[in-house]
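Enquirer: Not my notes, these are from TrEMBL:
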type: ACT_SITE; residues: 443; note: active site, proton acceptor
type: BINDING; residues: 158, 197; note: FAD binding site
type: DOMAIN; residues: 17-104; note: domain 'Acyl-coenzyme A oxidase N-terminal'
type: DOMAIN; residues: 131-152; note: domain 'Acyl-coenzyme A oxidase N-terminal'
type: DOMAIN; residues: 154-256; note: domain 'Acyl-CoA oxidase/dehydrogenase middle'
C-alpha cells in the first residue's frame, strides 16, 4: 500500500486557503519560506534519520546525538546559513543536544530545546551580549571562541538542593585578594550543580552561579565563567568532579542530553572571570555597582519566558496534528451501512480534541504578543524606565506557567485520543510528552510562578484605593467597581460570539476572584501567614488572570501584513477597544509600539469586528481563526464554570447557552480539522509519528514498524531454553488441574 493517500476526501472539504493559513502560523511569508526550506532540508538528509531513536541504549543514543549535532554544525557552515536558518535547522533536527545549550537562536521555537532544566540556559547570546551580564572586555575575549565552537558552554545554576530558590544556592565564590582570584567551592553535597544540559560529558566551560564573598561579607548570587575540562584531552581540571546524572523519563527523549552533576573543591579562577556588567569586584576586593542598572538583566528573563510560551504552541500543535489525522483515519462502530464511523465524527472526540487545536493557535498568537512585550520592556529598560517591569514579570511568569501546564496535559490527552496505538513509541506521543513535560519545572516551577503572579495581583488590587491606575494586562482592575456589578447580557447562544461579551465575562471573573482573595488576606494579622494559608486559592486567581490574557491577545499574520489585536479598556466608555496595527506591510522589524502609543490609538474607537471584516488575505482564514478563538474561550468557560457561576459573572442558563454554541463551533471546525493541522506545515520526519502521517496510511506502516523491534530479530526469544522451556515441561509433568 505504498503511496496510498487515505485523507484526500478530508482535505477536499476544506473551506479556507491553507497556504495563507501556513503564513499566519509561521508569522510572515519570509518566516514560512525559511522554515519550510529548513524542514525539507533536514527531512531529505539520511544523516538526520531518527526512526530508531527510542530503541537505542543510552550510550548509543548519546553518541548518535553527538554525530548529528556535529553534522548539523558542519552543514550550517557549508551552506553558510544565517542565524535564523541555522536555528530552524536545529529545531527540525528534533534532537536535544549539547549545542542547544551553547547557542540561543533568535527563532522562538528553538528555545524549547534551549531551556531544559535551567533558569536561563544561555552561554553565548543571553550572557555575553546586550541582554546579559558580561562586560565589553569579556565579550571580546570569550565570544570569538564561543562562536567558532573552540569552547563549548553550558549554564550551571541549579543545585541538588535548590532550584526555584536561587537565593538559597550554596556554591561559594570567595575572593582571595592576595592572588586576585576567586575560589569556587561546593561546601555540601546539596551544593552540587545538578541538571545543566551539556555539562555531564561535553561542555568545556560553564557559567557557574555562586554566592559572592569578599572580605568575609556575602553579596548575593553572581555568575562566573569557569573552565571545566582540558582543551587538550577533555579531562576534568584538578579540583573539579563532573559526570552525568543518569537516565531520565521516557525512551529517547532527553536521554540524548548529558545533564550533569558538578562539584568544586576550592577551584581557583581569575577575578576577571566574574560577570561584571552590573556588579564589579576591584583588585582590593571591594564591590562596586556599575552604571548599568541591575534591572536591565531582567530583560533576559522576559525574553526566555516569551520563547517558552511560543514553544508551547509548537509542542502542542505537533501532538494535535498527530491526534487529528489519526482520528480521521480511525473508524470504530456505527457500521449500519457497512462503513464504520470516523472517530473524529464522535462529539466526545471533538469535545476533547478541538479545544486542544484551538489552544495551539491561541498560544501561538499570545507568544507573538509577548515578543512585542519583550521589545517594549527592553526599550524601556535601556532608557532606565522600570515602570512596566513588575507587570511584565508577572505576565510572562503567569503565561509560562499556564501555557506549559496546559500543553503538557494536552499532549497526554492527545495520546489517549489515539487509543491504544497512542501508547506505542511509534505514535511519537510518548517521547514528545517526555521531552516536553520538563517545561513545567524549568525556568521556574509553575506553581511557584503562579504564586508570584498572585502576589502581584493582590498588591495591584490593594493600591486601587490610592489612585494608582493599573496598566497593561491589569488595566481591567481599574474598572473593578463596574466589573463587580456588571451582569452578562447573553440571551442566545450566538451572543457568546460577541467579543465584548466574552471579554467582559473573563474580566469580571478575574476581578471578582482577585477582590475576594484580597479581602480574605486582609483578615490575617500577618499577611505572609495569610498568603501561605490561602496559597491554593491564590493560584486560582492567577490562572484566571492569565487565561484572560490569552483570550484577549490575538495576533494574525498573513503575507507581509501583521495585525496585532490589543485588548484595551477605555475607562470613559467602559467598552472594549481592540486596535489593530499594520506594521509589517512596510517593514520586517518586530512591532515596537509602546503601551502609551496603543492607548492613544485606542481613542479612535476602532472596533474588533469592523476590522475583521477588512483585508485579511486568504479565503476563509479569518472565519477559521474566529471559530478557534471562541472554541478556546468557551471551552475555558466550561472547564472553569464554577468560577464564573460562584462569582456571579454568568447564570446557569447562560452557561448552558455557551455549551450550545461550543457544540455548534465544533461542527463548523470539523470539515476543516485536517487542513488546520496541515497549516502547521510539519514534515513526516519532524512529526516522527506513524499515526500522524500526512497520507494517513497508518496501518501498513504500523505493522511494518513493529517488525523493526530488536525483539523480533529472532522467532524464538533469547532465554527460551533457559526459562520458558523448563517451565513448560515441568507444567506438563506436574500440573494438577
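Cβ atoms here come from the backbone N, Cα and C positions, even for glycine.
In TrEMBL, annotation is done automatically, which means it is predicted and not curated.
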Enquirer: Would you report the average pLDDT that the model assigns to the domain 'Acyl-coenzyme A oxidase N-terminal' (131-152)?
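Expert: Mean model confidence (pLDDT) across the domain 'Acyl-coenzyme A oxidase N-terminal' (131-152) is 83.
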Enquirer: Inside 10 Å of the Cβ of the residue listed as 'active site, proton acceptor', count up the other Cβ atoms and send me the figure.
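Expert: The answer is 28.
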Enquirer: Looking only at Cβ atoms, how many others are within 10 Å of the one on residue 158 (FAD binding site)?
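Expert: Result for residue 158 (FAD binding site): 22 neighbouring Cβ atoms inside 10 Å.
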Enquirer: Across all chains shown, how many C-beta atoms besides its own are within 10 angstroms of the C-beta of residue 197 (FAD binding site)?
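Expert: That number is 29.
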